[in-house]
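Pulled from TrEMBL:
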type    : residues                       : note
DOMAIN  : 26-288                         : domain 'IspG TIM-barrel'
DOMAIN  : 304-405                        : domain 'IspG C-terminal'
BINDING : CYS307, CYS310, CYS353, GLU360 : [4Fe-4S] cluster binding site
Amino acid sequence: MSSNPTSPIKRRVSQQSIIEWAGQVVTVGGDAPVRVQSMTNTDTADAIATAIQVKELAKAGSEIVRITVDNPAAAAAVPAIREQLDKMDVYVPLVGDFHYNGHTLLNDYPDCAQALSKYRINPGNVGQGAKRDMQFSQMIEMACRYKKPIRIGVNWGSLDQDLLAKLLDQNAVSATPKELNQVMAEALIQSALQSAQRAQELGLPSNQITLSCKVSNVQDLISVYRDLAVRCDYPLHLGLTEAGIGSKGIVASTAALSVLLQEGIGDTIRISLTPEPGAPRENEVIVAQEILQTMGLRHFTPMVIACPGCGRTTSTYFQELASRIQSYLRHQMPIWKKNHPGVESMNVAVMGCIVNGPGESKHANIGISLPGTGESPAAPVFVDGVKVKTLRGDKIAEEFQLIVDEYVKNTYQNKVSG
Ligand code: SF4
């Protein structure tokens with residue numbers, strides 16, 4: 001039987017932000033599932049390259065994609081990117097990421113302001129002194145004019161220095177001074193909350209505002225978001241900024257986000273992985289999905305449960321089979337998702353020997369226990385806890401794949417054949 005958990009997590013109550021474009025809608029917060037989002041790393045001015053990467057990210061499961069809009073050429077390319085995506089039937093909202101000159105670009109490129117579905121505004125990067133208020137106001141006016149939701153995205157690396165200086169001065173004369181990182185955390189939170197308040201005063205509805213306060217240290221991120229979560233009811237965008245490369249980035253992001261998600265905090269997540277050279281950008285989407293799925297918050301793709309292997313199985317056959325099945329399941333999902341709803345919660349076990357193989361296989365929807373070293377060359381297959389077959393010979397992988405196909409067809413409603 002499937003061991004998929006029913007999520008015991010009680011989500012924090014938040015408003016719901018609605019991202020709309022061309023008759024499409026993606027909700028964030030409220031009763032919406034925790035959304036997966038990502039960001040391109042192409043030059044936005046290259047409309048075709050950017051549209052292709054957005055398509056790949058969306059195909060991998062990114063429900064919102066952010067693109068840098070940092071100069072006139074990038075702003076001019078945004079409508080062409082949207083048009084190209086629409087032509088390719090890629091239904092994903094584009095969020096424009098603005099720093100320093102967003103007020104000018106949104107004003108000078110109205111088609112860009114319209115083509116984007118949401119604006120990300122970093123209050124630490126909208127100008128200094130008196131200019132900051134004016135330029136922030138101009139961006140909010142654009143959001144009001146074009147009816148676009150915004151994310152107020154504060155970042156440790158670009159914190160509002162005036163606000164930080166003010167809080168440090170107050171802290172210096174306080175009877176109970178706080179540690180520097182506590183003052184910085186407070187500055188992050190105040191920057192986000194005060195900017196949101198200002199946006200509302202300028203006429204932006206509160207449910208069009210999402211907040212984020214990103215830092216690169218796991219404990220600081222958890223602490224900041226716990227505090228932010230009780231001080232407002234805006235939807236929260238979670239992400240560990242500059243998470244890093246390879247396993248370090250994945251582990252750090254997972255450690256931070258899973259603590260917060262377990263506490264019901266977080267309405268949309270982005271995993272800021274530095275791609276390994278040549279690695280696909282979509283990996284950050286897959287990691288985000290896997291965090292949500294392993295926590296039982298959402299289901300995206302059937303999961304393969306595989307043992308790590310040990311001295312009892314010296315051949316790599318079961319590793320190859322686990323990898324082959326995982327790729328196959330992910331590859332089939334675009335079709336299965338349409339025709340076999342519910343398949344995303346299926347578990348498939350691929351185990352290396354008799355020690356835990358049959359037991360783990362019985363707990364999965366479908367499981368196979370491959371023969372370990374010295375065991376009889378037979379691979380029992382279990383379906384919903386019952387042994388249905390024993391595979392032998394050199395076609396085990398192909399035959400097991402057919403059993404998976406058959407199970408999907410018979411178990412999950414087939415809209416095509418009724
Ligand atoms: S199931 Fe067998 S091969 Fe796999 S880790 Fe356990 S003992 Fe080792």
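Positions of Cβ are set from backbone N, Cα and C atoms, glycine also.
Worth saying up front: this structure is predicted, and the values here are computed from it rather than measured.
Location within the structure of each feature annotated in TrEMBL.
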residue : record                        : Cβ within 10 Å
CYS307  : [4Fe-4S] cluster binding site : 21
CYS310  : [4Fe-4S] cluster binding site : 11
CYS353  : [4Fe-4S] cluster binding site : 21
GLU360  : [4Fe-4S] cluster binding site : 20
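Among the binding-site residues CYS307, CYS353, GLU360, the ones whose Cβ sits under 6 Å from an atom of ligand 1 are, in sequence order, CYS307, CYS353. A helical conformation is recorded for GLU360 ([4Fe-4S] cluster binding site) in the three-state DSSP classification. Sitting within 8 Å of the Cβ centre of CYS307, CYS310, CYS353, GLU360, and not among those site residues for [4Fe-4S] cluster, are the Cβ atoms of PRO308, GLY309, ARG312, THR313, MET351, GLY352, VAL355, ASN356, GLY357, GLY372. Averaged over the domain 'IspG TIM-barrel' (26-288), the predicted model reaches a pLDDT of 96. Taken residue by residue with DSSP, CYS353 ([4Fe-4S] cluster binding site) is part of neither helix nor strand, so it is coil.
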